[in-house]
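Enquirer: So Swiss-Prot says this about it:
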BINDING   HIS399, HIS401, ASP403  divalent metal cation binding site
BINDING   607-721  nucleoside 3',5'-cyclic phosphate 1 binding site
BINDING   734-851  nucleoside 3',5'-cyclic phosphate 2 binding site
COMPBIAS  121-146  compositional bias 'Low complexity'
COMPBIAS  147-160  compositional bias 'Pro residues'
COMPBIAS  191-220  compositional bias 'Low complexity'
COMPBIAS  221-232  compositional bias 'Acidic residues'
REGION    121-167  region 'Disordered'
REGION    180-241  region 'Disordered'
REGION    357-503  region 'Phosphodiesterase activity'
Amino acid sequence: MMFSKRKSIRFNPEGDYTELPRGGYVVPSKLGGIQFGVPPETIKDSMALKIDVPTIYVFPEELWDRKTGINAAEAEFPAYFNYFILKRKVSFVCTKEQEQRIRIVFQETLLGPPEFNTGIIINSSSSTTDTSKTSPIKKQTSSSSPPLSPQQQQPPPPLVKQPSQQQLEELATMDTCHYHHHHHHQEVNDNDNNNNTTTNNNNIEILEQQQQQQQQQQQQQDEDSTDVDEEFQKEFSSTFPRSEIPNLEKECKYLRTFNSVDELFDFILFDDNGIAKLSDDVEIHFQEDQSLFKVLQFEETGKGNKVQTLVATIPSKILFPDMINSISTINDNKIFDPPTFGITIIGSSHGFDPKKSTTGFVLWINKRGIMVDPPLNSSSFLQSQGVPTRMVDHIILTHCHADHDSGTFQKLLEEYQITVVTTPTILGSFLRKYGALSNLSTDLLRRLFIFRPVMIGEPMIISGAEFRFFYTIHTIPTISFEVFYGGKSIFYSGDTCYDPNRIKDMNKRGIMKTSRMKFFLRPWNHTVVLHEAGVPPIHTPVSVLRALPDEVKNRLYLVHISEHTLPAGSGLKIAKEGVAHTLSLDVMKSSHSEAVDILKLVESVDIFRSIPLTQACEILQTATKRKYSQGSVIIARDTEPDAFYVVASGVVCVNIGELKKNLIVGDYFGEMSLVMGGLRSANVQAVTDVEVLSFNKEDFLSITRNSTESIQFITRLWEMRNEKSWETMSLNSVFSRCTNSQKTAIQSILVRELIKKDETLWCKGEEALFGCLVAEGSFVFKEDDSLESFSQGSFLGDINAMTTQPPSIHKTTVVAKEESVIYKVLSQDLIKFFSNNPGIQLAFLDTIFVDALRDQVQQLVNSKLTY
């Protein structure tokens, strides 16, 4: 199995199928469309293509794509849409092992953390519908379950016929309270009507009942203070009254419209022969050795006989569109200048809107970005509008529904470790959910990022601004926040059910504390209010927001809403997406903001990473900001070196011979000739208007002189730049996707070494002290000489063995087929590189080689920056 990845077969689908824009395929059958691969927001593809939203979903061989960071089994919204909107169940076709993993995902996203399911029951009227009656697929708990009867194989009855496109959009955005099993809102209104028509005797009886309810409520609230989990209590400040800590389990269950995840879906499992029987007439065959699925169904021959026909052949490893991250230099050569305090909306809609992205935004503080619930491919979105995502160094994760966390995992795998801000409860759900999807341990996932835990009831300083976080009213633990900076403030609601009637009802039932009720009903005294207006009953009804005073609506921007559901003449407005619509608040900059800007920029420069804090003062005193207009020459070839530069904004192009590289914020240039001597070897020109941080020659040498690590870094880099290391990395299937900064960091840990023909690189059983990038020649594994040889661009090395401490032993023996050249990397250096580049670490994980691009076509690096 060590070499299975090299032997895996990739082919194009064949037969009758529809390819989906976001990835995956839909194959027609007697049972309706069968979808293979389930990427985030996949139902939007069906809606946009005007095809029926499938009820049968086949999970691919790998549930998560390491290359793109995309979840290939995002089954949440297909299940939600079919269950809540179309009133029917879905069927998931997969292996037994995949079923167990998917159940963990739905546990977290539908029911919340396991400790939230202690058996508490919310008393209310119920009219639960058996939705399984409308499902065309019978529940099968194992692959040996009997096939469906002919009656069960029939399409859904007319009442659940697939709606038209217009009906789908209306259904997906209407008030779905009539789907809600508990009818909380209706109960409040009914009670109000009854109170107006009762007799005096009944009024007295009602008053007595209300007094009794109040006593029971107080008693229940006293009991709740001891019911709350001890670990959950630790998320609240020591000054937060223990009696006022919310019972989120009760609040979540009040909003929940089901009692078990099995109400939403069934599983159909592949048997030991790789066959999943959907019915007597329809089967899916999984041929693992060929990496494919086959859809087969029986057709009548006309003589009472049936013949099995092949409908389609689909790859079992779904390829998703690879969003090549490139910084745009269009838009009149202007580069985005982030506000000191403001918001850039990436997406403003929800998971059922085919025309818009799910809600997520960048909160700008001191020109640094904090991404809140990043939508999928959010970095590509920003870069397409001229915003380097290196400007974003924090993520706020509000909760673990797919429309809010799908892009979070992807964002964690980008350049540098990012800081995640959320509560331990929400982070725990996130790690369990994505640990199950990726099949990686939660310990490993936790090491991919820096965690800053939220403390409820206590101010938190992030990027110089003061944050206060709260738990909202939602079906799983969710946070919102308010942030204060420079005399202005922004409030973000997060996903919440802001409905005064229901909030009061929760208090009346003893589900919500009175102090918490008053908190949610308080006025919004903030400069800007960013509030959700999603699909009730678990979101905020637009009618409630429409009734707000005009003074509030002037400061209110809506998210989590589709455009066609905004009532005309309501005085409400949807937050506009894109950099051009960035909302900037006029605030006074902090007296330290300039120094912070410089230090944050210098922090990203490899050369300065080993510089002690005691030299920070020297850096601040010697750094100078310079501006260059578009087209200006910053450095001319064959001139005397006089300064070192760090890009602060804009894009510059470095031209060395035939090699061109675009550099962006945090990239640097001009260091080589300062340290190694000689004239400038490159031309550097401003592609856009540019601002750089410059250090003159004497100051730069003074800062780095006493740092052995800095000098060694530059020396190694100089040696590798005289090699063809950059071109060689561009031939590797993983390194080719690295940013310029990452490639530079890799160059600094490589050492050239000549290997003779038939020389052994390492033997099986030896300690894994190094790996290598093949620069010239070729190598083979003795354990499997039937493989093609590994040539230029291939990386060889047992990554798991190299990255344990101390390194463990090699499982293979590698021999040179001819005289070769390698770029050697020590295990200890690779570990350090991985710690700063978690996405590359995951791409290498569990490998003994990372193959060269099979077509050996070198990626061009002179048109756009791969980022």
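Residue 1 is the first one shown; counting continues down the chain.
Cβ atoms here come from the backbone N, Cα and C positions, even for glycine.
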Enquirer: Using Cβ atoms only, which residues of the same chain lie under 8 Å from ILE749 (nucleoside 3',5'-cyclic phosphate 2 binding site) while being at least 6 residues apart in sequence?
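Expert: Those within reach of ILE749 (nucleoside 3',5'-cyclic phosphate 2 binding site), by Cβ under 8 Å and sequence separation of 6 or more, are ARG716, VAL825, LEU826, ASP829, LEU830, LYS832, PHE833.
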Enquirer: Looking only at Cβ atoms, how many others are within 10 Å of the one on ASP403 (divalent metal cation binding site)?
Expert: 28
Enquirer: Would you mind reading off the Cα separation of LYS764 (nucleoside 3',5'-cyclic phosphate 2 binding site) from GLN712 (nucleoside 3',5'-cyclic phosphate 1 binding site), to the nearest angstrom?
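Expert: Spelling it out, the Cα of LYS764 (nucleoside 3',5'-cyclic phosphate 2 binding site) and the Cα of GLN712 (nucleoside 3',5'-cyclic phosphate 1 binding site) are 32 Å apart.
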Enquirer: For the region 'Phosphodiesterase activity' (357-503), DSSP counts of helix, strand and coil?
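Expert: Split by secondary structure, the region 'Phosphodiesterase activity' (357-503) comes out as 45 helix, 48 strand, 54 coil.
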Enquirer: State the Cα to Cα distance, in Å, between HIS399 (divalent metal cation binding site) and GLY839 (nucleoside 3',5'-cyclic phosphate 2 binding site), rounded to an integer.
Expert: 22
Enquirer: By a simple count of other Cβ atoms within 10 Å, which of VAL652, VAL734, the binding-site residues in the record, is least packed?
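Expert: With the binding-site residues VAL652, VAL734, fewest surrounding Cβ atoms within 10 Å: VAL734.
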Enquirer: About how far apart, in whole Å, are the alpha carbons (Cα) of HIS401 (divalent metal cation binding site) and GLY839 (nucleoside 3',5'-cyclic phosphate 2 binding site)?
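Expert: On Cα coordinates alone, these residues lie 22 Å apart.
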Enquirer: Nearest by CA distance to ASP667 (nucleoside 3',5'-cyclic phosphate 1 binding site): which of the binding-site residues is it, out of ASP403, VAL734, PHE779, ILE809, LYS824?
Expert: VAL734
Enquirer: Can you tell me how far the Cα of LYS697 (nucleoside 3',5'-cyclic phosphate 1 binding site) sits from the Cα of LYS824 (nucleoside 3',5'-cyclic phosphate 2 binding site), in Å?
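Expert: Computed Cα spacing between LYS697 (nucleoside 3',5'-cyclic phosphate 1 binding site) and LYS824 (nucleoside 3',5'-cyclic phosphate 2 binding site) is 32 Å.
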Enquirer: If you run the three-state DSSP split on GLY839 (nucleoside 3',5'-cyclic phosphate 2 binding site), which class comes out?
Expert: helix
Enquirer: Please list, in sequence order, the residues in the chain of LYS824 (nucleoside 3',5'-cyclic phosphate 2 binding site) that are at least six apart in sequence and whose C-beta is under 8 Å away from its C-beta.
Expert: LEU750, VAL751, ARG752, GLU753, PHE770, GLY771, CYS772
